[in-house]
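Copied over from TrEMBL, here are the features:
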- CYS278: active site, nucleophile (ACT_SITE)
- 11-16, ASP36, ARG41, 92-96, 133-134, GLU167, 278-281, ARG348: NAD(+) binding site (BINDING)
- 163-167, 222-226, ARG262, 269-275, 340-341, ARG444: substrate binding site (BINDING)
- 334-449: domain 'UDP-glucose/GDP-mannose dehydrogenase C-terminal' (DOMAIN)
Amino acid sequence: MSKIKNICCIGAGYVGGPTMAVVAAKCPDIKVTIVDLNAQRIAAWNDENLDNLPVYEPGLDKIVAQARGRNLFFSTDVDKAIEEAEMIFISVNTPTKTYGLGKGKAADLKYIELCARQIAKVAKTDKIVVEKSTLPVRTAEAIKNILDNTGNGVKFQILSNPEFLAEGTAIEDLLNPDRVLIGGGTDTEGQEAIQALAEVYANWIPQERILTTNVWSSELSKLTANAFLAQRVSSINAMSELCEKTGADVNEVAKAIGMDSRIGPKFLKASVGFGGSCFQKDILNLVYIAKSYGLHEVADYWEQVIIMNDHQKRRFASSIVRTLYNTVSGKKIAFLGWAFKKDTNDTRESAAIYVADDLLFEQAGIAVFDPKVEKGQIYADVNYLGTRSEAQNEKGITVFADPYEACKDAHAIAVLTEWDEFKEYNWQHIFDNMKKPAFVFDGRNVLDGEKLREIGFVFQAIGK
Ligand code: NAD
Ligand code: UDX
């Protein structure tokens, strides 16, 4: 197989954008074109003002500035990019199905199938098609079936190359990944395709971190990694509730167990619950796959991770209500943070959405401040739940551009995202302007509770 000169990536989202920007920055000899049907998103990627990129990630602006217009291009001309490329990444969304068979659990693969059909229609030369999206195990088979029926003699190789970046640290994760995983066919053509992709990554990633497997192992490894990571969060969150009952401190417990090298210290932060576009979706998908093979115990085991996470979000909201004398009706509750984690503008499945929904049922007035999330997104997130009218949501939620204004006259503050800047606020000033007693519910264990209590706050954290 000759060297790759042209790459096309379908899907200019949180994965396609940063991933391909790094490929272009590290491989100046390869032309990388990222295409999307969403013209507004493509325009934002092409915006001269790098503050307007559609994805916020630390360091992304510099990478885009380095490569854009040189060998990195963003376009809505999907067909042209497919035609030109020898290698096509599919990086479109694979959300949980909201209709029909597998509703609420299975991954919705309609966008993947559309891509495969479009590639089949347009391709005139042989292509390597790379699954970058997270997919159910054995999806490559379906893609291959579609591609192999074009009748025009074009040969396709399908690779699985799941992405392990985490939002907020995407650029660092892409520049210096723990590993890159490439799954492909075991025959000669499959191995050649794997090699072609491995050579792209070899421009900046040491050989020993490029792992190759068969396609099915690669597809399943991605779901497994997310399930294990989410399970750790649910495990420590389960212990956080027990800590609150027993006088143990979840941070101390996490430190004590994390020093066991078999357990390790990462991913043991108790929180208001995990969010993000991946964990819940991928575990639900895993549960669906297990059930479809009749593996009910396996399915139930993983489903418990989600059940625990839902419980953690719900009990945070009910603890606010209970502590505020069993009613928040007409009270102002300030939310610090709306994103599902710090250093991202992504709000998908953020715990904040569900806590807000519960408190709106209790007739609270919610005042939101987030350093990176736009106002319209916050309303869209709550409206998407469909639990009340848009007008009621607009009445119940006010979005502020200034954290001090959000907290002014509030009865309580709830920390929903662990943004670093929250630690640096003038908490005395915030206290002075709040209703008394002034409550803080730290859903991320980021604030200095002792200092806040000295100021006069009634302070509650997770797992303490
Ligand atoms: P996203 O929604 O941000 O982006 C997907 C993009 O694909 C959208 O802009 C959409 O317009 C575009 N698209 C959909 N169908 C298209 C088509 N037929 N032609 C052209 N464009 C099309 O999604 P994302 O967060 O980037 O996730 C993409 C995939 O990567 C998912 O499978 C996800 O599970 C996986 N993943 C995500 C993350 C993450 O942190 N977000 C990490 C690892 C893996
Ligand atoms: C995750 C995986 O980490 C990544 O490898 C995969 O490619 C995509 O899904 P992401 O969802 O972007 O990444 O962020 P992550 O850092 O995993 O956090 C997910 C959620 O768990 C966030 O809401 C975060 O706040 C929460 N979390 C994480 C905790 O509550 N405690 C922890 O210790 C770690």
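Backbone N, Cα and C define each Cβ position, glycine as well.
TrEMBL annotations: computationally assigned, not manually curated.
Looking just at the domain 'UDP-glucose/GDP-mannose dehydrogenase C-terminal' (334-449), the mean pLDDT is 98. When the domain 'UDP-glucose/GDP-mannose dehydrogenase C-terminal' (334-449) is classified with DSSP, helix, strand and coil residues number 46 helix, 19 strand, 51 coil. Closeness to ligand 1 is met by ASP36, these being the binding-site residues among ASP36, THR96, GLN280 whose Cβ falls under 6 Å from the molecule. Counting only the Cα atoms, the space from GLY11 (NAD(+) binding site) to LEU223 (substrate binding site) is about 20 angstrom.
Straight-line distance linking the Cα atoms of ALA166 (substrate binding site) and ASP36 (NAD(+) binding site), rounded to a whole number, equals 22 Å. Geometry remark: ASP36 (NAD(+) binding site) versus CYS278 (active site, nucleophile), CA distance 20 Å. In this structure, the recorded positions that sit close to ligand 2, with a C-beta under 6 angstroms from any of its atoms, are ALA166, CYS278, PHE340, chosen from ALA166, ALA270, GLY273, CYS278, PHE340.
Reduced to three states, the DSSP call for ASN226 (substrate binding site) is helix. Near GLN280 (NAD(+) binding site), with the C-alpha within 10 Å of its C-alpha, lie none of the binding-site residues GLU163, ALA270, GLY273, PHE340. DSSP gives GLN280 (NAD(+) binding site) a helix state. Put simply, CYS278 is the one of the recorded positions TYR14, THR96, CYS278 whose Cα lies nearest to the Cα of ASN226 (substrate binding site). In this structure, the CA atom of LEU223 (substrate binding site) is 17 Å away from the CA atom of GLU167 (NAD(+) binding site). Here the candidates are the binding-site residues TYR14, ASN93, THR96, GLU167. The one whose C-alpha lies nearest to that of GLY273 (substrate binding site) is GLU167. The secondary structure of GLU167 (NAD(+) binding site), as reduced to three states from DSSP, is coil rather than helix or strand. DSSP assigns THR96 (NAD(+) binding site) to a strand.
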